[in-house]
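See below for the structure under consideration.
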Amino acid sequence: MSNSNFDTYQLSHELLKAIRLLNFNSPTQVQEQVIPAVLSQKDIIIKSQTGSGKTAAFAIPICELVDWEQNKPQALVLTPTRELAVQAREDLFNIGRFKRLKVAAIYGKYSFQVQEKVLRQKTHVVVGTPGRLIDHLERGTLDPSHIRYLVIDEADEMLNMGFIEQIEAIIPRLPLERVTLLLSATMPQDIDVLCHNIMKDPLRVEIEEQNPATDRIAQERYHVNESDKIQLLEDLTRVENPDSCMIFCNTKQTVDEVYAELVKQNYSCEKLHGGMEQRDRLSVMQDFRHGLFRYLVATDVAARGLDIEDITLVINYDIPYDKESYIHRIGRTGRVNKLGKALTFVTENDVKFLNDIQDYIGKEIILKERPKAKTVLEAKQEFITKINTLPEIKESKGAQLSAEIMKIHVNAGKKTKMRPVDIVGTLCNIPGITAVDIGVINVLDVSTFFEILNNKGELVLQELQNTPIKGRLRKVSKADRQF
Ligand code: AMP
């Protein structure tokens, strides 16, 4: 963190308020370089790790610069995975909340029609994965004609996942007059070539990690036979007794097996892999982030870029075949300069992968003896006590921001010709309510959702019980869903 604060950038008070309620006291290093450059419309190549505050680095100036009046999308953010799309959408939504910005997340394995409806409404920023975005562009359901900002996030991961061609197919459809930002943890040559082709005289920002994950995280390994891994896992988790732990496996099948075994042993546990329904994946991630359970068994789907704080222990039940995956996996612990611990299981057949990883991180992963039966037994009671107590629930990032916002539902929508202006008109007639107290309004077919800001939700809710909207009294209630 630097000594300066966000007031030095000429940001609107709506943004400064959101930044304050998100508890961002001063800009991180990457934000200090990127925010002013984007505000002055520069193309930028950003080499920076996740955890550096890089999402807010582009989200803050983009939220500042987009024009609220314009109904068509003005910024497009490309991410390699659905989870990252959802996460970036949430960050942009939180930052743009008091400016009432609409941010859509568009990704595969989710209803095209629902997304089409969302895109038909006012949308300022679209975040999505390349494949589904191309579908929308091809079918004309995403209008790119007003895109002024393009962000390519986690570009090296896009390359690994074979998405570069898709990105190259998206770019010619966007206006030439635009600002382009590319973010990547590493800069392989293909990314450099891509940048050369799509950017104008880009600024290069490189943030060296000051205290890299590999130094911050205690790393140990255990030699084990394949058939003995489950027992070792149970022994080590009993001894370590972590508050929260991620267990990584290389295949969905192993995730299913390990998960089933831990459930049998009453672990507070969930699983995550690419074979699961999208909705389930997102809710598992959300619940883990909120600390509703302690153990998450996952494939690499969950390793990359996701911002989950305070994981105490990472276990590589299977050693990763790819050395970069090792860094991403262990990086789930020891976030933002905290200490963490990572244990890796190594079988006879894994020695080559172990050597690759050790060469890559430039040090040896310490070899440990498995815990003795007596030690495991001694740890048992404490372990059982912890497993039977609910974890501490963590506040979501936007919690403070949401505290003063109420979402309200009205049982009338487009089918009865309800329009945002009808809502605004009614609300502004309530004494004590002005336009600045009204947040995002979303008119659907038979319902309307809107936000009331500044702790005035209860007042509005009460008044609307007796105040007609568009000529009739409506059923008005507090909504618990996000929109
Ligand atoms: P990212 O690198 O985008 O994954 O961000 C890592 C974490 O840092 C996220 O939880 C952000 O909410 C948080 N963050 C971003 N900017 C700041 C800031 N200026 N001060 C404190 N936390 C921040």
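The backbone N, Cα and C atoms fix where each Cβ goes, glycine too.
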From the ranges 4-32, 323-351, 352-380, 381-409, pick the one that TrEMBL records as motif 'Q motif'.
4-32
Sort the residues of the domain 'Helicase C-terminal' (231-378) into helix, strand and coil with DSSP and give the three counts.
66 helix, 27 strand, 55 coil
With DSSP as the yardstick, break the motif 'Q motif' (4-32) down into helix, strand and coil residue counts.
16 helix, 0 strand, 13 coil
Per DSSP, what is the helix/strand/coil residue tally across the region 'Involved in 23S rRNA binding' (406-483)?
23 helix, 21 strand, 34 coil
Express the predicted model's confidence over the motif 'Q motif' (4-32) as a mean pLDDT, rounded to an integer.
92
